[in-house]
Amino acid sequence: MPSRLMPKADIEALFARFEAANPHPQTELNYTSPFTLLVAVVLSAQATDAGVNKATKELFAAAPTPQAMCALGEEEIRQHIKTIGLFNTKAKNVFALSKILAKDYGGTVPKDRAALEALPGVGRKTANVVLNVAFGEPTMAVDTHIFRLANRLGLAPGKTPRAVEDGLLKRIPARYMRHAHHWLILHGRYICKARKPECARCLVRDLCRYPDKTG
DNA sequence: AACTCGGGGCA
DNA sequence: TGCCCAGAGTT
């Protein structure tokens, strides 16, 4: 099996291109604060982004803070997110974590991995997104897109999300860590798709270590 | 590390 | 129908 590890120089070039093409990448998830970001990511688990975007727009208009979310109540939350997958569990989790944030953290989102991962519905991936996007910490959130791209491109091949996360942290230059998550996730969503990657439109095709390039 | 959970989207 | 999705929780 040929090495699929992308050379460091190529990784530099890859992110330089992403940065040139999209200097200020933004997630498509609808959020305006650490709290709404946290909830948006919790809701996005195993759900399509279009549905989550619509649901969060409604939900956050009604309740943009933990206190407001508590006042809204679990049943009302459920009604707002009824169009996305796993809405039952997610409504329960959003209500429960809002209560915890309101009671134990004065309505703020803790800038602390252990505290975040202790919240219902929040795992390592969600905690990393919040730490990176909301608080600017150098973490890499490995979701299905990032996991796929790390292996396809050869950025940090690995069998488990944690192995990929560690590899990405080591191999991505520090100055790109702040936006790497957004660049990769948008690339995975629209170009390097799971089913039919559109290599013909790919900005970094010549750097890619994916053996089955098409298009 | 592997399995379960549990809805909608899309081929 | 069958497989996938911007995962988390449990065993």
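Note: Cβ is positioned from N, Cα and C throughout, glycine not excepted.
Copied over from TrEMBL, here are the features:
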type: DOMAIN; residues: A:43-190; note: domain 'HhH-GPD'
type: BINDING; residues: A:C192, A:C199, A:C202, A:C208; note: [4Fe-4S] cluster binding site
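In the three-state DSSP classification, A:C192 ([4Fe-4S] cluster binding site) falls within coil. A:C208 ([4Fe-4S] cluster binding site) counts 21 other C-beta atoms within 10 Å of its own C-beta, drawing on all protein chains shown. Looking only at other Cβ atoms within 10 Å, the busiest spot among the binding-site residues A:C192, A:C199, A:C202 turns out to be A:C192.
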